[in-house]
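Enquirer: Pulled these from Swiss-Prot:
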TRANSMEM  9-29  transmembrane segment
TRANSMEM  33-53  transmembrane segment
TRANSMEM  68-88  transmembrane segment
TRANSMEM  122-142  transmembrane segment
TRANSMEM  157-177  transmembrane segment
TRANSMEM  190-210  transmembrane segment
TRANSMEM  232-252  transmembrane segment
TRANSMEM  263-283  transmembrane segment
TRANSMEM  289-309  transmembrane segment
TRANSMEM  314-334  transmembrane segment
TRANSMEM  359-379  transmembrane segment
TRANSMEM  438-458  transmembrane segment
């Protein structure tokens, strides 16, 4: 490996070495310094990916290539991980959770996300995907004080194993049909691969549908969101979904035309938008509501992927937008939680007055998820529906617009409970710590800044997909 190649791989090495360092330091010097080091590692990764001179790897080294696409998502993953670490620090202390395994595992999961975004062949892609999934197996089950957390971790493990089997079998069929593990060559040779290649792409799509929670492969999502520690769910909903979107873009954008994959992706988008929103309408549990909401939101991303061209740009934009929105939503919930988690939407009654900062952030997140201007949620949804109309997906775009309008009911129900219903006298929520306030403030500002001034991010999304 040359110095140039090593230089390009430094962001991934920072994350991998940082994870090991935090874990070993926690064993030698127990304390809470892991979060500080973890945030510093994430900041270093993001700064290096943004500011270091471009050193593309061609041909790929170790199955990894570093391109503007890779750098874009590395910055996104590092920022979401850093904000999640800030949220987790004091939340873990309130829940009685100790040890540096928490920040170390978050860093390891971020490393897996970076490997996924920089993968040049299917083997590296699979290893990165399983690295980030393995990290979430641990994180979801980390709260040993709550049986629901262990149950959620077990369910995620089982569903993750099924997903991994689909992905691995799909990769095996593609290798058999095309004779190569390199993604670009496999895409080019797929036309000559016949039915075997088609089956491989179909299995790969099915496995990724599990990862991104597209209906009907979404049934694990509500239990994981409800049972897992809230800061972990924030990271899962932002970073992990962003990695899955990056993976879809990595595979689908070189295809040019989706061909026979269009029909199953159309069905996944339709089911996700309708089933996700209908299920969320009926949910009294706030985390399960947001879980079903995430199914619908990923349905909009699938609609963007169907549209091609501008749709891919809209999907990349929405990965960042959705990350900011769910970090703000789950971050506010995590900040409000004491020794027991907030469960029902009714538990939020009057908290907008008792805890104004968290109330405002949560309300902003709900308005953004509902697609109300001038938030980034409105801009992202507008871009997706516009791309769908331009891309010949008018019927599905109309369905998306109608379901997005219906979703305003359950998002605004949270805002109504925050500000228009009397407070529950049994508790008034936790005050935000400095770390939590910083994380929530950054997420809320991103929602407004990207909603008012989305041009630079759209330009960047277009540039990385050229």
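Cβ atoms are placed via backbone N, Cα and C, with glycine included.
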Enquirer: Under a criterion of three or more Cβ pairs within a distance under 8 Å and sequence separation of at least 6, are the transmembrane segment (232-252) and the transmembrane segment (33-53) in contact?
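Expert: Between the transmembrane segment (33-53) and the transmembrane segment (232-252), which are separate recorded stretches, there is no contact, as judged by 3 or more close Cβ pairs.
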Enquirer: Going along the chain, which residues at least six beyond the ends of the transmembrane segment (263-283) come within the CB cut-off of under 8 Å?
Expert: 202, 205, 209, 213-216, 218, 222, 289-290, 292-300, 302-303, 305-306, 393, 396, 399-400, 403-404, 406-407, 409-410
Enquirer: Counting CB pairs under 8 Å, which listed stretch among 33-53, 157-177, 190-210, 289-309, 438-458 touches the transmembrane segment (68-88) the most?
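Expert: So the stretch in question is 33-53.
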Enquirer: Which of 33-53, 190-210, 289-309, 438-458 has the most Cβ pairs closer than 8 Å to the transmembrane segment (157-177)?
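Expert: Stretch with the highest Cβ contact count: 190-210.
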Enquirer: If we skip the immediate neighbours and take only residues 6+ beyond the ends of the transmembrane segment (190-210), which ones have a Cβ under 8 Å from one of its Cβ atoms?
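Expert: Residues packing against the transmembrane segment (190-210) from afar: 159-160, 162-167, 169-174, 176-178, 217, 220, 244, 247-248, 251, 255, 260-261, 264-265, 268.
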Enquirer: Same chain only, please: residues at least 6 beyond the ends of the transmembrane segment (289-309) with a C-beta under 8 Å from a C-beta of the stretch. Say none if there are none.
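Expert: Residues 212-215, 218, 221-222, 224-226, 237, 241, 245, 248-249, 252, 256-258, 262, 265-266, 268-277, 279-280, 283, 315, 318-319, 322, 326, 329-330, 345, 369, 381, 383-385, 387-388, 390-393, 396-397, 400, 403-404, 407, 410-411.
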